[in-house]
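One structure below.
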Amino acid sequence: MQFTIIVLFNFSAIVLGYTAEEAKTLTKYLFETQSYDKTMRPAIQQLSPTYLKASFFLIGVNKLDELQEKLTTTAYLNLEWKDEFLTWNSSVFPIHKITLPQDKVWKPDFVLKNGFTEFKELGASFYNVILSVDGTVLWTPYQVFQTHCSVDVTYFPFDTQTCEIQFTLWSHYTFQVTLDSYSTNIELEAYKPNSIWDIVSSSQTIKNHQLENSEITYSLTLKRKPTFYVNNVVIPILFLGVLNLLVFVIPADAGEKMSYAITVALGFIVFLTIISSELPANSDSTPYLSTYLQIQIFLGGLALVISSIQLRLRHKPEDQPVYAFLQVLVKITRCKNIKQRKFSIDRVTSAEDFKEKPLDKKDEESRKSDIISWNDVSSAIDFLMFWVYVIIYCISSVIIFTIIRN
């Protein structure tokens with residue numbers, strides 16, 4: 001039993017192992033004896049296409065720059081094709097696979113089509129290829145890719161972006177080199193999660209048209225993790241909206257009313273500036289969040305105008321009568337019922353009963369309360385505008401953030 005195991009082990013070493021001298025002999029045979037020309041497409045029959053199988057292995061999403069509309073990813077490609085000029089007989093050369101520098105063999109001019117910066121071939125001079133006995137070549141270029149990605153920020157910060165990474169065969173038509181793949185999407189086995197973006201889905205599209213260059217497009221759908229922006233942008237904006245309502249709680253004769261309104265409006269402008277600096281300067285899409293901020297800025301400016309009018313009315317002379325429509329406004333906004341005066345019928349017993357009696361205290365207070373002053377007008381405007389602003393704030397907030405979230 002022990003003898004049998006030793007024999008099998010030695011036999012495996014003969015089949016799988018090879019010496020440096022054998023590797024040199026094989027290399028010399030392939031590239032010198034057979035006069036290998038790496039500039040020629042590796043097909044004995046040049047009318048037959050070379051089939052290139054491609055797989056995209058994503059390592060990580062480094063950054064999606066919304067301002068420049070640039071996606072930066074780290075990935076490597078598995079590119080496999082058959083070189084009919086690089087085959088050998090395993091019985092003559094007991095080698096099944098050999099590693100060679102990539103510059104020694106023919107490689108497809110497989111390039112990044114939608115690159116953001118420079119246009120160059122994949123790989124580097126220190127990369128190797130793995131050559132199998134049947135002529136199969138495996139090339140695995142590893143690279144940091146920078147690609148253009150059209151960003152739609154309509155639903156920021158609950159947005160989903162779809163970016164494409166496009167590759168093409170630059171100088172070979174489909175009838176010369178035809179693209180194929182082992183899978184239908186991006187390989188994510190080695191993917192490292194990103195702190196800002198989640199991968200929702202991925203897909204792959206291959207275009208092989210006979211008189212055109214073959215293309216393969218990898219689509220990556222990314223969903224933003226909104227926690228950071230919710231805590232640092234959305235919640236403060238909603239809080240500022242509540243502060244906008246409190247402008248009409250401060251009395252008109254308080255000196256801080258105008259400065260308070262200006263401060264709140266400036267707060268919205270600051271947030272709008274922050275959001276604008278984070279998003280691309282294009283007119284294709286406008287964030288609903290920016291629209292919401294613009295509404296709040298408009299309401300803040302309107303509150304400032306109304307407060308100015310209030311101050312003007314508040315300091316009108318008391319002897320100047322209140323305009324009729326303002327009197328109606330005050331009567332509408334008063335939150336108490338006008339008490340009806342009570343009348344009683346007394347028996348007349350003497351001429352003294354016809355004399356006018358002085359008003360009692362209650363009747364005097366009731367008559368004074370019916371007199372509308374400019375201060376009452378200012379308070380009525382505060383009351384009315386507070387509830388108008390509450391309604392606008394609630395409706396706009398519910399509609400905008402429901403649309404963004406869903």
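Residue 1 is the first one shown; counting continues down the chain.
Placed from the backbone N, Cα and C atoms, the Cβ positions cover glycine too.
TrEMBL annotations: computationally assigned, not manually curated.
If you look up TrEMBL, you'll see 1-17 marked as signal peptide. Annotation comment: TrEMBL describes 24-226 as domain 'Neurotransmitter-gated ion-channel ligand-binding'. Per TrEMBL, transmembrane segment is recorded for 228-252, 258-279, 291-311, 384-404. The annotation domain 'Neurotransmitter-gated ion-channel transmembrane' is assigned in TrEMBL to 234-324.
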Structural state census, the domain 'Neurotransmitter-gated ion-channel transmembrane' (234-324) (DSSP three-state): 66 helix, 0 strand, 25 coil
Long-range Cβ neighbours of the transmembrane segment (258-279) (under 8 Å; 6 or more residues past either end): 66-67, 151, 153, 156, 233, 236-237, 240, 243-244, 246-247, 250, 287, 289-290, 293-294, 296-297, 300-301, 303-304, 307-308, 311
Average model confidence [pLDDT] within the domain 'Neurotransmitter-gated ion-channel ligand-binding' (24-226): 92
